[in-house]
Every structure is written in C-alpha cells, then in structure tokens.
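S.K.: Questions regarding the structure given below will be posed in turn.
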C-alpha cells in the first residue's frame, strides 16, 4: 500500500506508546460528545494552573451553579402526584399547562377515527392541484361562466381523494398496530404496595418496576437491585447499537442492600435529581437523596429503554425518563418529510402549466373580446338575451377557458403516481431474491413515496457493526512458535484439495460451532509433544476477563467484546476449557484434567495500552505473566532474544492480507522477589484516588517487558455474505460508499479492507493529514477574497492529483476539529460589566458572522476533499455526527443520499438521508422502525438500487413524459377549435368524453407501463451496473423532456384537429348528407386521439406482456363501447339534459370516409415516431438498447462473480488490526473486587450500623 512519508511517520506515532498531546491534538480513541456536553464537562477537560484557594472557591461556586442549572430534573420514587406540582408544568397553549414529564406511550400514527376525515382532506387540499380542482368545481356551479358540466370535475376529484384517503388510512392503521404492540407490552410495577402487571403505556416517571430475564427495558431506569451478586445486571444493547455482546450495569451498594424485598420497594421514597433528558447514550449525571444521605449516579447505574435483560433472573429500577424523554427517542432525531427529486420537479412543472394555462386563457379571452366587438355585436342571430359589454364577456370567457383547459393541470396525475408507487412497493415486498430465510425476513417497503429515488442515489452512508459485519468473531488461523496453522491439512500435515471439517467430538466441552479444517493442529494438541502449543491455548483460556455461567449443563461465556469471547471459545474447542473463577482463582480443564490457579493480578485492557495481562501462580509455585495484545505494542516489549520473532511477523503479514484481526500472545516468568516489589507499587496505584488509571498504567508498564513470544491468533470479523460483491457493483454504478461507525479506527480500517472498500493500491489519508491541507486552503481563500476572477477560479482546484485512488479515514474527534464543531471553553474571569457601545456590538456581530462564514467554508472544503476520495470511513463518531456528515453532503453536493444501519445509533442518520434503509432480522428494530425500506442483509441493497430503484425511476419517468404528452394532445385541440367558434370557450369534444378520457380511456395502458415496464431484465441490470448512471444524471425526466412532451402534444393535437377539419370541409357523405356537423367532428377527433394515444404508449413499451396488450386494445374497445352506449336513444330518454349526442357515433362511424380520415390522422402522428425510434436504436443506440439487442447472448454467458484475489507483498501491509477487546475497560475491576462472585449477604443490622457510622463521619467532616 502506497503512503506518503508523512503518513508513515504519523502511523508509527499512532502505534507507539507516546501519543499526541491531548490538549493540542484530538484523541482518536475518544468518542466525542461535544454536541451535547455541558460547559462544566468541557471545563473539566482543560488543565489549568491556578492558586489553590482560587481553585477551591471556583469549584465550590461551579458546583452550586451547575447543580442548579443541570440537575433540574427531579424524580420522586413511588409518588406519581409529585410531578403534577406547578413547578414541573409548562405552558402548552395560552393558559393551558401540562407536566413536562412525558408519559411512556409511543405515538407514530397521524390520525384517529374523529380526526381522519377533516385532517386527511386538509392535507390533500394543501396539494396545489387538488385545491385548484376544488376551486374549479365551485366555478362550474356559476351559470354565467360554466362551459362544462360540474360532474366532469367532481367524478375525477372524488376518485383521486378517495384512493389517496384509503392509502393513507391503510398506512396509518399499520402505525396504530405497531404502536399498540409496543405500548401494550407489560412489566411489573409497584401499585398499592405490591407488584402488579402493568402495560408500558401506563408507566409513569417515578414508578418502581421489576423486569425479568430476556425482556426489554420499557423506559430509562435507575437500577436499584437485581438477582445477581452486588445487584449486577447484564444487558444486551442490540436495539441501541446493533452489538450483541453483553454489557453490565451495577446498582448502588446502598440500594442493593436495602431494596431486595417487595415491601422495601413499596416503601422506597428516594429523590433523584439529575440532568434534563438528552441524547448522550453513554453519559448520565445525577444524585440520589435518601435517608438523609446523597449518592452520586452515573451511566453505569442506568438501564436505557430498548436494552434487553440477559443472564439476570430479575432486576428492579425506578423510572427516570419515559417515552419521548428517553435517550433512545432523543437520539432518533426529527421525523422529516421526505419527497423525491421527481416530486419536486413535477410540482414545478405543474406550476409552469398553471402559468401557461392562465396566459393562454387570458389570450383567448382577449381574442373573444375583439371578436365580440368586430363580429358578435353586429350578428343579430348570435344574440343570447344578455346585454353584456365585450370586455365583460371576455372576462367571463377567461374563467370559461380556465374550466375548458383544466385537463392541462392533470388531476389524475397524483393519484396515478401513488398507484404506481404502491405497486412498485409491493414488488419489493414480494421479491423472493431479497428474502432472508435464516431469519425469516422479507424485504419491506415501509414507505411508498420514494421508490424512484432509489434509482438516483449518489452516496451511501453505512454503519459497520451489524450492517456490513455479522458482529460474529470466528477463530480462523494461528501461528505457534513460528509455525502457521489453519490451512486445509490432514493429520500428517499434507495439504488437502477437498476441505474436511475437524471433528471435535473427542472433547466433551466443545460447543460444536467452530469450523476448522487443519487436522494437523488437532493431532499436535492430542500428542502433547509441543509444550508451546499447550502454553498457547492455556494462555487463551486463562488471560481474559470473560465470566461464565452454567445453564442446562452448558457453559455460557459473557465477554466484554465478541473478539475475546471468540478466543476463549476457540481454546474451549481445542481442549483448554475455562470453567469457573472466583475473586482470586480461575479453574481450567486442560485436555480433560481440571486445575485451579491463583490469579495474583489482572492488568486490564484499555484503548491506550492495547493489551491485557494476567499474573498467575501455577501449581508448582512458579509465578508467570501471560499477555496478549496488538503486535505494535507487544513487539516493543519483547525480550531481544526471541527466536521466532521474524517468522511470527511474516505470519502476521499473511493474516493481515487475508483481512483477519491479529493478536500476539506472549509470557514471562517472574521471580517471587520481583513480584513482591511490583505488587507493593500495584497496591499503592490501586488505592490512588486521583488519576488512578494513569498510575495503574505506569505500574503495568514496569512488569510488561522482556516478554517471550508464543505466537499469534487470527480472528475473522465475519462480514455478511456478499458484502464485497455488493460494494463493487455499487461502485461500478457510480455510487460512493462512506462507512460511519462508532467502532475503533483500526477495526474500521480492517473492515474496509475486508469488504474491498480499501485495497493495497489505495493511498490512505487520516484526519491529521488533511487538517493542515484544509487549513492552508481556508487561509488561501481568505487571502484571495475580493481578488481577481482568476484567483477565485483557483480556489476550486482539486485537493489531490488525479490518477490515484485515495481513501479518507477520520475519527470523530478530528471531524469536530476540522469542521470547527469543537466547543470552546468559556473563560471565567471577574469582569466589571459596562454597557456595550454600538461600535462594540457591531464588532461582535461582525466577528460572529465571520466565524460562521469560515465554518461554512471549511465544511464545504471538507466535503469537496472527501468527495474526491474513492471511499471515506468515519470512525468513533456519535449518532449526531453521523447525521451531520449526511447533512453536509446533502447541503454542499446537492446529491441524493442513502443511509443504511441496524441500531438506534443509526436512526438519526437514517432519518436525515433522502432514503433510509434498516437492516431487520437482528435483535434491534429501532433502525427498521425509522427506515423507509428494510431487509435482512446488506447484499440486498444492490438489488434494491440496481434493479428495483432503476426500474422504478425508468417507469416513473416514462409514465410522466407520456402523461403530460397525452394531456397536452387532448387539451390543445380546444385552442385550435377556438379560432373557428369566436373564442367562445366551446369544447371540441363531448362532455362525457372529457370526463372519462383520463379516468378510463387512457389510464390503464400508461399505468401498466409505470408498473411493469423494464428495459433489461433484473439479471442484466445487476451484470451491467453502468446502466444506473441514467438516474444519477436525471437524463430521463427534466425540463427538456417536459418541453419535448409539450411539443409532441402540440403536434399531435394539430394533426388530429386539422386533418378531420380539412376532410370535413365541403364534403358530402355517401348517403347525400354532409357529415361535417359539430357532433360528428367531435367524435372523429376524439376517436383519432384515442387511437393515437394508445398506439403511442404501445410503441413506448419496452416489455410486452399479455396485460399490456389487453390494456391497449381493451381501452380502445372500452371507448367505443361506452361511446355507443352514451349516444344511444335509450339513455337520452332517461337523462335528456346529460346525454345530448344522441345517435352521433352510430351515424358518423358507419361512414368509410371518416374511418379513412382517422387512419390518415393516426398514421401521420405515429410514422415519424416510429422512424425516430428506428434511427435512435440503429444510429444512436443507448447502452440499454445495445444490451437489449444482445440479451440472449449475455444471458447465455451469465457467469458467477469472481472475487479478485489480493496480492501479497511481504512487509508492505501495515494494517493489522489492534485487538478490539471493547471500547471501555473489560470486567477486570469487577472480577478483582469480587463483586461478580456470589457470596453471603451481610445481615441487615450490620448494614444499618455501617450506614449510621458513615452518616456520623460525614457530619463530623463537614
């Protein structure tokens, strides 16, 4: 992998123990929360040198101020009326007030039975076209101006409103059901002194609740006690972050001792004062006041809504935040109204048609005024009994033409679009190739409004854990004493062509889930000849912080991270089984022999150390340190005489090239004297109150040196099936993929290589690399501001030279630094306040404006730089930062974005993007509930975009182009007719034809094209991703295409009007009658129009089915059937005023002359279209035309995707992942303190005596 010299040096700095100065450089390992941090939190991070007394006074003052300011949320346990006091109420409207504490019911629906009709009609009439037709309907009831019967508008309007209302009702009923399912879950709540089963929606702040194993937490609660020792509670946070590894919370010691019985819970009356509801998932600050004592609270004592109770029989807690106030809901961001780009364009086009219609009606009204003055007033036979002036008649005719030409604004357009989108959504739901059988999860279009937007995506923002990966770690290979294991080999060490899985049935403790193919390693373990192999697996079984419980005779491991669980499970399968532990001992089964070892110390992992160690006393009395960690830190601490150092390094390079997560194992023998001396320092550091972690790390460093290398492990962070292939296909489609994750930098980078987002040829830039680049660009832009045009042009020059693939990997801390999002500490000085002068105020405003301008320019520069990269990986980012990155790309690139994730930390990003996709089938469903589309695996994204998205875009564009065309062709005939009727707003067609034209005669063929048409098959769409570019460039529907449809409609209307007009002129029928009456002319023009429009859609159809053919010819047959019925004498007798074309169709259509006229009109309209289509396919064929032409050949050649092999170059790869134990420390403190070990509880009276003593001590010191 090629890197610049500066990048290499910075890389070595990152891996070394001496990291950047934290005051001047962002910390790559820290998850930034500056978007929510309070000022006192920011201040606490800033070291300051000040006099001791000043510091004491300042801290006391700040403590009082911050307590008043931040801890304004008060919760009284078992007291529901406490929150109804006036100080806890806020004004809702005028003098109406309600409690600021939210109820626990979740509401995502919009309507109820009372509000549905008025609210839905109000929303529908907010749409300009619907409101326009309502006004039109009112105008048609005014006799002086109406030129069409009222039913010509009422029937289509009712149809449109009805179909849309039914669709909205179905969607809202689904929301009601989902809300009901969540709100009606139950748990036990204290009521009248006893636990009673209560629905979630009835839970209030202050309630004491009991939760059982494998149930979800209904609200944010303070943990009071549990069935586990010391009131530990194990939880799974898949609902929040997609991670399935267990985390633990622990109650306060005082609540653990007192609050175990039901009666004690009912009597609990503690008062909790804490911060207001916020979105910080890993932070909490508060105080519990109880029995005249105060106890500090932090995030380790809080269970968040959406977590699942695991491995804990029951736990108790008091509700602090409920419903909309919970952290999971605060993180979900605002629900945004999403609309497609085509929707916006379509609305602008409808407004264009409005303006065109008004100008046209005004011009025709002026024409009528002129005609009245010149001809109408002097023609006695045209007198209608009204003495209106010509201008007034022109004014009335203006409204008459608004009514006549109303079809130019297509009322059925919106409902047709909704029907097409609904159908396309069902196609997504029914697609069996997007069905994930393992989890029984089908794809689901959770909205019907965004389908065609799927065909226009430019950027994809993806989460990592649970989205790209399965969050399942698997032991794949290892290197022991310089020898690599894990290839497909038989018992003698010979390579096998056909892999055969190792049988672990000889091991009674094997879990049966490990797939391993190297039989040679098993033979070596069984023989016991190689002591290094025994030491290797013994180290894996003993050097960890995993905890174990036994259920149904099976061992269940609880690990702080999936990596650690995978290694301990691997050792278990290979015969070295971790069985149990106490505070000071650990029991292991070594090839069937149980042995117990004394654990003298656990040196826990953290993100700076990148390693962990245990010191154990073996049965012979020897003391040995076992250590595992990232190769970059282990190699610095090895004894100089390690013989297998180079062979292990070569193995690490090979494992890294296979994108496996590597880890080095080593040990060291310690003398008794050395241990005793070190242990004294260790005890002193453990007892340190301030900077305890730093003191411990320093002591750990002293003992972890001169280590003997045993070997290395290689774990696969298992990707979901098909991820590399999907990313490759999407990249070929011109889509850029950004990964936004809360995981560590090394882990995220490793996954980037695994999924082939990064390759060995990619030049990687880090936050520190681009920070200076962006700063230089910003300074240059400031200097060039106001200079010549030539200088301003140079501002937009690219950041990188072309011809090389680049990727950006940036952490959340660097992101805040670069985007100027970092909060500044407010300097607290004693200042005399004077009123500001106008000049000072102006200067302050100017400085603020300049700072905002700089920030905006810097953000734009960052987006420009990032978009020049082939891939971007943002790691250690918060949910809010994920949404911010998406928002920046939307803002500065005007590009269509898609976000995909599986946890609650992805919800904000999913809601911010134009299209949000949730991965379902995992434990967490928050992302799915906030998404627009959901399916079970990341690989289905390529089918969603390249097949369904592209087809939906092509279909919608074709539908809209043709819809506008057929309406223009239909409506503009009235204008040509106006030149022959004195601009009197008389219609060129029969009223019923105008009513049914869009509803019945031409609706089905164009609807079916919008639903079923496809230029190439789904398999060819996936094989040729380049076809997707059409949608990204908006090539199929834009203003140019709109005006082409307008011109096509004008030409068609001219032909179908003037050819019959010329044919009728001075013509005699076969029976001696002139067929040139108005009604016969109207029927001939209408019939020609029906033929032309239906045959034209037939020509535009790429994918013919029986249904398409039936719709085209069926629509023509339906037109003639209805026309003959409406022109019959029988219906005229029943409704004489409504049906006035009696006998017209039978009389006119029996004339061969009229049929020849219609054939001529249709031929002249269609032959140029056929010729143009022929030329475009032969002379200027598109890529889809070429693929269509050769589709049989391509289908025959259909081949499986062959994944490109990575070439190995020794010593080049520097991407071995640091070991991802967890983002925080492991369980070492928990184990060493004995808090996780079951022991007998202290008697209650002893507890009470201890509490009283504490109280006296506290009063004495105060």
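Please read every residue number as a count from 1 along the shown chain.
Note that Cβ sites are derived from N, Cα and C of the backbone, with glycine treated the same way.
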S.K.: If you check TrEMBL, which stretch out of 929-949, 992-1012, 1013-1033, 1181-1201 is marked transmembrane segment?
M.R.: 992-1012
S.K.: Same chain, outside the coiled coil (836-868) by at least 6, Cβ under 8 Å from its Cβ: which residues?
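M.R.: Same-chain contacts beyond the flanks: 736, 738, 770, 773-774, 777-778, 781-782, 796, 798-800, 806, 808, 818-820, 888-889, 892-893.
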S.K.: Using all protein chains shown, find which of the binding-site residues 463, 902, 906 scores highest when you count other CB atoms within 10 A of its CB.
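M.R.: In terms of Cβ crowding, the pick is 906.
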S.K.: Considering only the binding-site residues 605, 742, 905, which residue has the minimal Cα-Cα separation from residue 465 (Mg(2+) binding site)?
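M.R.: That would be 742, nearest by Cα distance.
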S.K.: Out of the binding-site residues 463, 902, 906, give me the one sitting nearest to residue 661 (ATP binding site) by CA distance.
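M.R.: With Cα distances computed to residue 661 (ATP binding site), the winner among 463, 902, 906 is 463.
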S.K.: Could you give the residue numbers and ranges of same-chain residues that sit at least 6 residues beyond the transmembrane segment (398-417) on either side and whose C-beta is under 8 angstroms from one of its C-beta atoms?
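M.R.: Hits for the transmembrane segment (398-417): 127, 129-130, 132-133, 136, 139-140, 142, 145-148, 153, 156-157, 159-160, 163-164, 346, 350, 353-354, 356-358, 360-362, 364-365, 956, 959-960, 963-964, 967-968, 970-971, 974-975, 985, 987, 994, 997-999, 1003, 1006-1007, 1010.
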S.K.: Can you give the mean pLDDT for the domain 'P-type ATPase C-terminal' (928-1182), rounded to a whole number?
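M.R.: Averaging the confidence scores along the domain 'P-type ATPase C-terminal' (928-1182) gives 88.
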S.K.: Measuring Cα to Cα, tell me the gap between residue 605 (ATP binding site) and residue 463 (Mg(2+) binding site) in whole angstrom.
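M.R.: Just about 25 Å between their Cα atoms.
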S.K.: Looking at the binding-site residues 465, 905, which sits with the largest number of other Cβ atoms within 10 Å of its Cβ?
M.R.: 905
S.K.: So how far apart do the ATP binders 463, 464, 465, 564, 605, 628, 661, 741, 742, 743, 876, 882, 905, 906 get, largest Cα to Cα in Å?
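M.R.: That value is 33 Å for the farthest Cα pair.
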S.K.: Between residue 876 (ATP binding site) and residue 902 (Mg(2+) binding site), what is the CA-CA distance rounded to a whole number of Å?
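M.R.: Cα of residue 876 (ATP binding site) to Cα of residue 902 (Mg(2+) binding site) measures 17 Å after rounding.
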S.K.: State the Cα to Cα distance, in Å, between residue 905 (ATP binding site) and residue 463 (Mg(2+) binding site), rounded to an integer.
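M.R.: Rounded to a whole number, the Cα-Cα distance is 9 Å.
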